[in-house]
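See below for the structure under consideration.
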Amino acid sequence: MTQKLTITRPDDWHLHLRDGAALAAVLPDTARQFARAIIMPNLKPPVTTVAQAQAYRARILAALPAGLQFEPLMTLYLTDNTTAEEIAAAKASGFVHGVKLYPAGATTNSDAGVTDIRRCYPALEAMQRAGLPLLVHGEVTDPSIDIFDREAVFIDRVMTPLRRDMPELKVVFEHITTKDAAEYVRDASGPVGATITAHHLLYNRNAIFTGGIRPHYYCLPVLKRETHREALVAAAVSGSPRFFLGTDSAPHARGLKEHACGCAGCYTALHAMELYAEAFDAAGALDKLEAFASFNGPAFYGLPRNTGTLTLEREDWELPAELPYGDTTLVPLRGGETLRWKAR
């Protein structure tokens with residue numbers, strides 16, 4: 001049984017850092033484990049221009065504690081009005097590494113998102129020419145579609161036609177949650193990748209309802225059946241370079257999670273690599289963790305691998321039940337419970 005594992009320092013290819021006091025509270029957790037992260041643009045107001053991305057990047061770097069090295073990889077928020085000129089400026093900036101597609105209303109702060117993908121074709125064609133990846137929240141928002149089916153329907157209604165029209169557009173299918181998505185990415189032609197969260201590798205939808213409503217397991221896309229979780233694990237440990245680490249760590253104040261209409265999102269930045277190690281260990285595939293966490297993402301994005309290392313040791317420790325979050329607190333996923341791995 002492996003007791004200690006040292007890997008190339010990993011990256012997080014899907015992260016929510018928020019802004020202001022919340023940013024200052026959560027950024028150190030990510031920077032202690034990850035060298036780089038793709039930063040989601042769904043602030044209020046959203047990050048829709050290169051100038052806004054540059055300003056947000058400066059705020060992130062200003063909040064980084066002394067002694068920690070971390071590079072934020074910025075993204076733009078795609079809207080119906082995003083121009084080809086803004087895409088060209090994003091590519092030329094050197095610090096914008098993708099453009100995020102949120103179907104309007106699909107998740108937290110997505111109200112300004114895309115209402116019809118066809119309205120974005122001029123911008124998407126510019127992205128295809130520039131080699132700038134499209135990062136996709138892959139769920140339809142049609143209220144007639146069951147929430148557990150929205151990812152699979154998105155593949156048929158949006159992803160397949162989009163990739164038929166733009167076969168060379170680099171696409172990341174973010175935080176995939178279904179067997180359908182895993183098989184789509186595995187079998188697709190052209191430049192397609194996918195991020196997978198730790199919580200979707202570890203849990204199925206029963207976790208939300210064990211002994212009552214468990215709001216800290218509620219995220220979007222929502223956890224799915226066990227057959228889907230098993231398919232995600234199989235994809236993550238397969239060795240395919242198309243699958244890579246993206247925590248989708250999404251901090252919310254405790255009172256906004258434990259609420260009559262609670263926010264979606266799991267906070268995992270503090271203990272992300274410990275959770276991934278647990279998932280890969282359970283699958284008997286610790287030897288596949290480094291490629292998933294440290295190699296596949298940089299290869300897809302055309303970036304060099306990191307030069308530092310991170311060590312994981314088999315060691316029991318208790319995760320704090322709650323963490324400071326501005327003038328309030330947040331509850332990490334599995335808060336107050338014992339974890340079996342420790343990152344150093």
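A Cβ is built for glycine as well, from the same backbone N, Cα and C atoms used for every other residue.
According to Swiss-Prot, the residue from Lys100, Lys342 that belongs to the Zn(2+) 1 site alongside His14, His16, Asp248 is Lys100.
The substrate site in Swiss-Prot is built from His16, Leu17, Arg18, Asn42, His137, Leu220, Ala264 plus one of His200, His228, His252, namely His252. The two recorded residues, His252 (substrate binding site) and His175 (Zn(2+) 2 binding site), have Cα atoms 18 Å apart.
Within the set of binding-site residues (Leu17, Leu220, Ala264), the lowest number of other Cβ atoms found within 10 Å of a Cβ is recorded at Ala264.
When the binding-site residues Asn42, His175, Leu220, Ala264 are ranked by how far their Cα is from the Cα of His14 (Zn(2+) 1 binding site), His175 comes first. Geometry remark: His137 (substrate binding site) versus Lys100 (Zn(2+) 1 binding site), CA distance 8 Å. In this structure, the CA atom of Ala264 (substrate binding site) is 18 Å away from the CA atom of Lys100 (Zn(2+) 1 binding site). His175 (Zn(2+) 2 binding site) is 7 Å away from Asp248 (Zn(2+) 1 binding site) when you measure Cα to Cα.
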